[in-house]
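Visitor: Pasting in a structure now, in structure tokens, and then I'll have a few things to ask.
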Amino acid sequence: MLTFFAAFLAAPLALAESPYLVRVDAARPLRPLLPFWRSTGFCPPLPHDQADQYDLSWDQQLNLAYIGAVPHSGIEQVRIHWLLDLITARKSPGQGLMYNFTHLDAFLDLLMENQLLPGFELMGSPSGYFTDFDDKQQVFEWKDLVSLLARRYIGRYGLTHVSKWNFETWNEPDHHDFDNVSMTTQGFLNYYDACSEGLRIASPTLKLGGPGDSFHPLPRSPMCWSLLGHCANGTNFFTGEVGVRLDYISLHKKGAGSSIAILEQEMAVVEQVQQLFPEFKDTPIYNDEADPLVGWSLPQPWRADVTYAALVVKVIAQHQNLLFANSSSSMRYVLLSNDNAFLSYHPYPFSQRTLTARFQVNNTHPPHVQLLRKPVLTVMGLMALLDGEQLWAEVSKAGAVLDSNHTVGVLASTHHPEGSAAAWSTTVLIYTSDDTHAHPNHSIPVTLRLRGVPPGLDLVYIVLYLDNQLSSPYSAWQHMGQPVFPSAEQFRRMRMVEDPVAEAPRPFPARGRLTLHRKLPVPSLLLVHVCTRPLKPPGQVSRLRALPLTHGQLILVWSDERVGSKCLWTYEIQFSQKGEEYAPINRRPSTFNLFVFSPDTAVVSGSYRVRALDYWARPGPFSDPVTYLDVPAS
């Protein structure tokens, strides 16, 4: 494959098509680049009163480990439906309503373990107790439940942590998916006031938004528009005051297969909101289900590979380049979430709207589960290298400048760490995407010209690259004949192509200019990361733990929160059978904070330790070791 990649790097420009020119000026920062895209979500299946069986399943525990392992907090939030169905309720004589939070505690602990925040929808009815929010007693009891819940988790995790949570209303109220709860429009407003006051009692720093729905033009979406009217000038159920707080407005606009359609719909909704309710012109806007296509379980080939990854990047770039860069826009856009943390199922391991591909391997004793990292999850790690300030960048073809609604696009950023010019970095991410369409037999010539890079200590750059030939477990699976129960060797081969193809660090050219010529398939992603050498080597890897897969296989997961540097080449993983002499495990360069160890020998019992290596081959300190005792063969 390295020979193939070398040939790819040296490929001459196609004569049949004029090249796309991507110009980036590292000396021209334009505006802050805030990572508004670091969110995902999922919904447990019916029946929702058994949500614990899905949310706390081993499969979901593995899934959340993968999501939490995106480098540099590349995904921070998981937005979950029906959380309150993880609580049970009973009414006892003389004691009133009693709640059991055991399952919800366990699930939130699981998020904490993976350094993830909940997008906390106040959705569900504990043990089916709440049935009617036009019933004033139930409205008061709901306020008490919300207050109890918030105070519980402030006590458990601390106010600093819980104040980061996005509490939100019941999902999509105009879709009337309330299970057995009667929810009129007035009942929904009563419910909202109870959520607001319950949270406020716990702490005024807790934020609440909604309604998390489509906001179709009036007279459609009556609950959406009624909530805005109520928060603007309605009467608070509890205080009698005019108006109720609305800390953010959440809406759902998906793309119907089109990237630009998401932004166009958002802009239309927000324009109508601001016309009808000018008091909300500064209220943060969340699109917390901004998927390119509705229907998470609908199998689509493009959801399986780099097509989906490049499309997600394109949507984000359109928001940054067409919305944040638009000085005439008054929209305060804060969050874009893809609702793609579901678990895929047979016979569609790759092609549903998921971040991982799940294989339920039932031909082992006992049966076990394997997950593979799809490119759409891998690319969130590339996106995490974009931070600091957005740089001036331009795409043109034959002299005509192209906006982000074209096949080739770019996002570029520069990072100036406080107090240490020695750790300056610049990131350029180029995508080729025709939305949901792949063109396997067509490549386009692209020239990158990066200028304005200041001189720095040991200045180097790396190149990372993804396409459907070199970086697609789905393509590998297809070439194997789509086995239902892949063997250990087949899983190893698929995992060989989970990461981008990485071109080793090389010195940045003198005079602060770099020119690269590439032939890029559609879809593909090309990232260039330029760094000066930090004064110190990487910090220590922390939170190392081992999770069992099956006999002779395990997962190692760790945290990069103390590593500090983003100029990382790989993590070195060492193994010792006796816990004395360690030897490195041979693997491809990867900065993903998770590794599946599945050696030919099937010998995995022993001790493990991990350390980061930066672009200058400097190691950080080893993590504390973790010891693993293998699952016995049966």
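Any Cβ shown, glycine's included, is placed from N, Cα and C.
According to Swiss-Prot, the signal peptide annotation covers 1-16, on the basis of sequence analysis. According to Swiss-Prot, the alpha-D-mannopyranose binding site annotation covers PRO44, LEU46, HIS48, TRP296, on the basis of similarity to another entry. Annotation source Swiss-Prot lists N-linked glycosylation site at ASN100, ASN180, ASN233, ASN326, ASN362, ASN405, ASN441. Annotation comment: Swiss-Prot describes GLU172 as active site, proton donor, evidence class sequence analysis. Taken from Swiss-Prot, the feature active site, nucleophile covers GLU289. Annotated disulfide bond per Swiss-Prot: CYS531-CYS567, in sequence order, evidence recorded as similarity to another entry.
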Visitor: How big is the Cα-to-Cα gap, in Å, between HIS48 (alpha-D-mannopyranose binding site) and ASN441 (N-linked glycosylation site)?
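Guide: HIS48 (alpha-D-mannopyranose binding site) and ASN441 (N-linked glycosylation site) have their Cα atoms 45 Å apart.
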Visitor: What same-chain residues, at least 6 away in sequence, bring their CB to under 8 Å of the CB of CYS531 (disulfide bond)?
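Guide: Residues satisfying the criterion: ALA423, TRP424, SER425, LEU459, VAL460, TYR461, LYS566, CYS567, TYR615.
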Visitor: Pick from GLU172, GLU289: which of these active-site residues has the biggest number of other Cβ atoms within 10 Å of its Cβ?
Guide: GLU289
Visitor: Measuring Cα to Cα, tell me the gap between ASN180 (N-linked glycosylation site) and LEU46 (alpha-D-mannopyranose binding site) in whole angstrom.
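Guide: Distance (Cα to Cα, whole Å): 13 Å.
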Visitor: Let me know how many other Cβ atoms fall within 10 Å of the Cβ of ASN180 (N-linked glycosylation site).
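Guide: Neighbour count, Cβ to Cβ under the 10 Å cut-off: 11.
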Visitor: May I ask which of the recorded positions PRO44, GLU172, GLU289 is closest to ASN441 (N-linked glycosylation site) if we compare their C-alpha atoms?
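Guide: Among PRO44, GLU172, GLU289, GLU289.
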Visitor: Relative to the Cβ position of PRO44 (alpha-D-mannopyranose binding site), how many further Cβ atoms are located within 10 Å?
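Guide: Its Cβ has 24 other Cβ atoms within 10 Å.
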Visitor: If we check Cα distances from GLU289 (active site, nucleophile), which of the recorded positions LEU46, GLU172, ASN233, ASN326 wins as closest?
Guide: GLU172
Visitor: Taking the centroid of the Cβ atoms of PRO44, LEU46, HIS48, TRP296 as the alpha-D-mannopyranose site, which other residues of that chain lie with their Cβ within 8 Å of it, listed in sequence order?
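Guide: My list of surrounding residues reads CYS43, PRO45, ALA51, TYR54, HIS81, TRP82.
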Visitor: Can you figure out which of ASN100, GLU172, ASN326, ASN362, ASN405 (the recorded positions) comes closest in space to PRO44 (alpha-D-mannopyranose binding site), comparing Cα atoms?
Guide: GLU172
